[in-house]
2 protein chains.
Amino acid sequence: MLQQARIRNSDFRSKIMSAEDAAALISDGSTIGMSGFTGSGYPKAVPLALADRIRAEHARGNPFRVKIWTGASTGPELDGALAEADGIEFRLPYNSDPVARQRINDGRMDYVDMHLSQVAPMAWQGFLGRLDTAVIEIAGITPEGDLIPSSSVGNNKTWLDIAERIILEVNDWQSPLLDGMHDIYYGTALPPNRVPIPLIRPDDRIGQPHFRVDPAKVAAVVATDAPDRNAPFSPPGATAEAIAGHILEFLTWEARRAGLPPSLLPLQSGVGNVPNAVMAGLIDTPFEQMTAFTEVIQDGMLDMIEAGTLRVASATAFSLSPEKAQYFNDNAARFRDRLILRPQEISNNPELVRRLGCIAMNCLIEADIYGNVNSTRIMGSRVQNGIGGSGDFARNGYLSIFMTPSTAKGGAISAIVPQCSHVDHIGQDVQVLVTEQGLADLRGLSPRQKAEAIVARCAHPAYRPMLEDYMARAARLSHGQYAPSLPSEALSWHQRFMETGSMMP
Amino acid sequence: MLQQARIRNSDFRSKIMSAEDAAALISDGSTIGMSGFTGSGYPKAVPLALADRIRAEHARGNPFRVKIWTGASTGPELDGALAEADGIEFRLPYNSDPVARQRINDGRMDYVDMHLSQVAPMAWQGFLGRLDTAVIEIAGITPEGDLIPSSSVGNNKTWLDIAERIILEVNDWQSPLLDGMHDIYYGTALPPNRVPIPLIRPDDRIGQPHFRVDPAKVAAVVATDAPDRNAPFSPPGATAEAIAGHILEFLTWEARRAGLPPSLLPLQSGVGNVPNAVMAGLIDTPFEQMTAFTEVIQDGMLDMIEAGTLRVASATAFSLSPEKAQYFNDNAARFRDRLILRPQEISNNPELVRRLGCIAMNCLIEADIYGNVNSTRIMGSRVQNGIGGSGDFARNGYLSIFMTPSTAKGGAISAIVPQCSHVDHIGQDVQVLVTEQGLADLRGLSPRQKAEAIVARCAHPAYRPMLEDYMARAARLSHGQYAPSLPSEALSWHQRFMETGSMMP
Ligand SMILES: CC(C)(COP(=O)(O)OP(=O)(O)OC[C@H]1O[C@@H](n2cnc3c(N)ncnc32)[C@H](O)[C@@H]1OP(=O)(O)O)[C@@H](O)C(=O)NCCC(=O)NCCS
Ligand SMILES: CC(C)(COP(=O)(O)OP(=O)(O)OC[C@H]1O[C@@H](n2cnc3c(N)ncnc32)[C@H](O)[C@@H]1OP(=O)(O)O)[C@@H](O)C(=O)NCCC(=O)NCCS
């Protein structure tokens, strides 16, 4: 048996069982801490078996729903399958699964959207309640009974520490060369015992390669052999290329203005095609020996490593397209010294993001003329994904850049609106705003100055006159002239979209 | 001459001149970094002389306006006088002066509202522009030519370091016993050279008592003898007492639930009567040997020290009522070992706030049913003061509590609204919301659960049915049911207030 090679401790070997038997250990109403961060390192068998079990119980007329905590989003075999079975009553801290999203937006699932760096400490604080079971994918078990982390670390250290019962999935698909790439820091504590995190460079290693686990808590070990599932890569279109172009030009200018080193400062990059286009573009700039201190490792970063532009990337998870994931698995030896995976309380830690001075680059849903950003709620009421790590990085980075196409839904929606229908990032935390139209450097500007820059540089020309008209009338009619606004109209574009399908009158 | 006793270095003594002569060194269009944090430690003579000069130039038909950077708010002799003379074209990072506020809200002065911990590093980053002149109040000059800080530290270290020219005001009114109370940390640097801040307890001293200064940059030394001017203390009324009562009950419960030490965790307290009432109430709880790691030292903290409840307070400034300031000056020996004043980039540092696990307690203008908080903009467009340190503490504290009376303007305004007209603190950073009506513990709740708790526990009974009605209709008509909202109505309470003078229909 292949798994025997990965499970090199006999105590753990004696606990091998089927996913169905493991899922049978979980009962209605449990709180389950799962591994998983974007589509990597999530358990691939037990959640499916649990979904079957839930469906069977529901068919018998019995209630069966669970509370799910993870690192961030996971894959269809976890969030998708369990939501489909109507098996999730509560979910934290991030979700991007379309089936689960629909249930949340239908009001049938409670969802708590959290800063990703805060999940582990808040779980320790105890107010989220008890964690009954942890279901964690790993890449193997050492002879000493330590766990080799998989392609994401997320909150696994914490779930293993605080859960009452543990189910492990050992995934044979994961590269054995993952072993040694992780840096699991065990120095965290709650106040008043918290101490400085001794990391001063993105490539510092401050922990150990493996998770500790209390073997008495391990109730099941399940063998799997299934790929991670991230979104396929689509080549960046003209809009993404234009946004990337503005950002690269700005970074080049800013590096000269501020006297930044040739390696720039550690990059943080949100997921998606636009950030990937930025990464691709960085290969052709004069920057060299760059580093990334970020949440996830994307396709573009592997390209940068191969091009010699990126020296090292620190993150909490891979987030590779299926092709790139296979490529990594086939060529892991070439990358393993340049990649470090850490718990998300470290990868996203505000103390470290500020110390290192990350250049934060994230996407948004809408921004308003005063530079407030909505990253999470469509029309203010429907959640898209969640705030993720964007707050951790945007507030604490050396530079905080937000980007978006200037319109959505084929032009029916302006990404620049009079007032955001929901705010995730306040003006103070949004320093640079970029669309394919242009870039607005908002640093040191007052609200009215920001509005002028954003409308002139970032708004789509089809919406610019409407924004100018709003600003002109607000300048006459507003209660105050610090950040002129018309509450009776500020959200009317959203209302119009909901009524007519377009923000255009 | 008394000042001679305070100015114990002959090089500096040779630069003594009148405030008028010093003000003559400042020219139209300059950027000036002033000392001052709340009503303490701001220069009291040169700004007045500068205001005279500006008025004279204006009378001659000449333009004369300056850009003012400070620690936070200052006193009437600075912001008030200069704004009155129409002498300020640009102001950062915080203002609470009524005259300056009016100019900002009339659109005649640009104002940039910043996280107070970020001002110094951003000044170093350089995008705010060059600092021409620093005008800094100090308590004295040592024989070695170092500067003894005054009753606030704020950004003085940074202004002294980066300004091209320095004007010092030596204020004889300040207690000589201030000397030794400050902890000026010179270990900051911009990335990539930033290192961990070696502070792990609120009472750790990591710096030196005095500011360094390049004597070649000191152009003038002005002698003054004038008191700090903070707001007078008004005894807490029934509303403040009720809010404080809810918070004290909650802290007692939370300390037991979470197993916090008898000294609790370091307190951060916003300014105002309500936080003062909380401090007063803490004297009668079982907590002991408490600490404060906060922005300003208020009346209530001195009382706590005298009662033996508070062991030590770390802050960046005093913010005492005139009576209490006099009392401190008369009894400084009794307090000086228990108080530490630091630069605001340290007092408010997110790294430290998170490490120490501060209990953050701040006031707000309005909160919405989803727990977003507006601390700064009345009706979304008029600035009240600014975000100050509230973002530094609320996002990073162990607990983040926000408080407000449930109504304003004699009931014409509900502090709990369907949607905030502006957001400073997102739901993730608002864990506990308190009014005189009650307290809502929002930790771990989904948006809809938060709305139920906030409306039931915090809203004023006169507005509760209106909020329930909004929620019920949003639950039917909203685009999504994650955080149900009706954009056409969400800001209508503000609109109604502006039209009719009341949010009540
Ligand atoms: C903001 C975010 C949703 C953008 O992601 P993306 O993949 O680039 O977004 P898309 O352009 O595909 O838009 C997603 C959907 O929102 C819609 N949308 C985009 N802008 C919109 C707007 N202003 N109004 C309404 N809908 C909008 C799109 O049409 C699309 O809808 P569809 O799924 O029906 O096609 C994503 O970056 C996110 O979740 N961010 C928050 C977390 C984060 O920043 N993480 C990284 C930090 S480490
Ligand atoms: C929020 C804040 C303004 C409250 O301060 P306060 O002194 O308790 O406030 P008050 O109740 O006196 O209200 C101030 C004014 O706002 C008005 N107001 C209060 N709530 C209001 C509301 N919901 N809508 C409109 N106006 C409102 C009051 O009527 C008062 O108006 P007035 O000056 O015309 O009388 C103040 O705490 C602040 O500036 N906070 C931000 C900075 C901060 O938190 N610093 C501490 C962190 S270290």
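One is the number of the first residue shown, and numbering goes on along the chain from there.
Just so it is clear, glycine is given a Cβ too, placed from its N, Cα and C backbone atoms.
In this model, the domain 'Acetyl-CoA hydrolase/transferase N-terminal' (A:10-180) carries an average pLDDT of 98. Summarising the annotation, TrEMBL assigns domain 'Acetyl-CoA hydrolase/transferase N-terminal' to A:10-180.
Per TrEMBL, the feature CoA binding site maps to A:G270, A:V271, A:G272, A:N273, A:V274, A:I365, A:N385, A:G389, A:K409. The DSSP secondary structure for A:V274 (CoA binding site) is helix. Packing around A:V274 (CoA binding site) is summarised by its Cβ count: 26 other Cβ atoms lie within 10 angstroms of its Cβ, all protein chains included.
As annotated by TrEMBL, active site, 5-glutamyl coenzyme A thioester intermediate applies to A:E295. A:E295 (active site, 5-glutamyl coenzyme A thioester intermediate) has a Cβ environment of 30 other Cβ atoms inside 10 Å.
Here TrEMBL flags A:334-470 as domain 'Acetyl-CoA hydrolase/transferase C-terminal'.
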Original post:
Are there residues of the same chain, six or more positions away from A:G272 (CoA binding site), whose CB falls under 8 angstroms from its CB, and which are they?
Top reply: A:C363
**OP:** Check the binding-site residues A:G270, A:N385, A:K409 for other C-beta atoms within 10 angstroms of each C-beta and report the one with the most.
**Re:** A:G270
**OP:** State the three-class DSSP label for A:K409 (CoA binding site), counting H, G and I as helix, E and B as strand, and everything else as coil.
**Re:** helix
Original post:
Distance between A:G270 (CoA binding site) and A:E295 (active site, 5-glutamyl coenzyme A thioester intermediate) at the Cα atoms, whole Å?
Top reply: 8
Original post:
Which numbers of helix, strand and coil residues does DSSP report for the domain 'Acetyl-CoA hydrolase/transferase C-terminal' (A:334-470)?
Top reply: 47 helix, 37 strand, 53 coil
Subject >> Spatial separation of A:E295 (active site, 5-glutamyl coenzyme A thioester intermediate) from A:K409 (CoA binding site) - C-alpha basis, Å >> reply: 28
Subject >> Among the CoA-binding set A:G270, A:V271, A:G272, A:N273, A:V274, A:I365, A:N385, A:G389, A:K409, as the record gives it, the longest Cα-Cα distance in Å >> reply: 26
Original post:
In Å, rounded, how far does the Cα of A:N385 (CoA binding site) sit from the Cα of A:E295 (active site, 5-glutamyl coenzyme A thioester intermediate)?
Top reply: 15
